[in-house]
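**Q** Structure incoming, see below.
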Amino acid sequence: MKKTGILFLFLLPLLVLTGCGHSAQTKQVELLSNPYSRTEFLMGTVVTVKIYDKGRADVLKPVFNRIQALADATTVEDKQAQSEIDQVNAQAGIKPVTVSKDIYRMIKIGKMYSERSDGNFDLTIGPLTKLWHIGYDDARKPEQNEIDRVLPLIGYKRMILNNQKHTIFLKDKGMRLDLGAIAKGFITDEVVRVLHKENVHAALVDLGGNIFVLGKSPFKSKWNVGIQDPFSSRGKIIGKIKESNQSIVTSGIYERYITVKGKKYHHLLNPNDGYPFNNDVAGVSVITNRSTEGDALSTVLFSDGVKGGLAYAKNGELKRFLLHATRKSM
């Protein structure tokens, strides 16, 4: 890969730096060094929640209960139709499926961003992601005839939502939902909601790179979020930003890809041609109040390229985002 100049700062992945000063009191240092922390592997990624409020280790249980419940509802399994999304997919072309309030709200938000992006962000991309299966042991580059066969099954306009009954209907048999571009953001927001409900004032949430920094650090200052150099090994920091009560979500080409005959194919797939987006963006990070919107917008901005991403941002929906551009051999 040949890298070029940075057009905008870029965060990928995001590393939260807990050190905030050299003259901190011992108690503050202890809180930073020994938060109540829990890490689990869920939804195919590493999930970590750290709570810095003294004596609030008990909150980790309801937090992870909430994560597990939503993960169970959104995870797609090929063999058994167990989740709500599995059930919607299994009934594609047959009948509408009633889903929970949470899942309906998530899908409704996703459809809104499908409309705003003219389909570059599309929750019905499931047939294509299943075909490539990037991130799994059986990932492969499909044949062109396979791609041509599934492209007609992608189309958010053929996903029918009923606001009164909370039903989802995929009109054509073979259509499949894939909430991978929005689920982590939605679940991150639900974690923050639980933390608020439990009166937690300082916490760090990391769902596979979807980060939320809650409140202020024990030093009563904003959290330092490290900016990873996207062209170096994990842990090399090229800068930092200070944030509080904000979500930082990243989409990029470096973490998940397959290599076929020396060519890399990343996991961010274009629903229009069936291949990974091929533009001048290596990654994008979005800083927002809510992670659901950040998750969706990071994919939308990535798909549009630098010029398109800047044009999209002019609509006023985004206050802060960071792009990194490169001429790549993908």
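From the backbone N, Cα and C atoms, a Cβ is placed for every residue, glycine too.
Unlike curated records, TrEMBL annotations are generated automatically.
Checked TrEMBL, it gives:
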SIGNAL    1-24  signal peptide
BINDING   A181, D295, T299  Mg(2+) binding site
**Q** Cβ-Cβ under 8 Å from D295 (Mg(2+) binding site), same chain, 6 or more residues apart: which ones?
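**A** The list for D295 (Mg(2+) binding site) reads A181, I182, A183, K184, G185, F186, T188, N210, V249, given in order along the sequence.
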**Q** Can you list the residues of the same chain, besides A181, D295, T299, whose Cβ falls within 8 Å of the Mg(2+) site's Cβ centroid?
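**A** Neighbours within 8 Å of the Cβ centroid, excluding A181, D295, T299: Y113, F121, G180, I182, G185, V249, S251, A296, L297, S298, V300.
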**Q** Which number gives the other C-beta atoms within 10 angstroms of the C-beta of T299 (Mg(2+) binding site), all protein chains shown included?
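**A** Excluding its own Cβ, the number within 10 Å is 25.
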**Q** Test of understanding: give the count of other CB atoms lying within 10 angstroms of the CB of A181 (Mg(2+) binding site).
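**A** Neighbour count, Cβ to Cβ under the 10 Å cut-off: 25.
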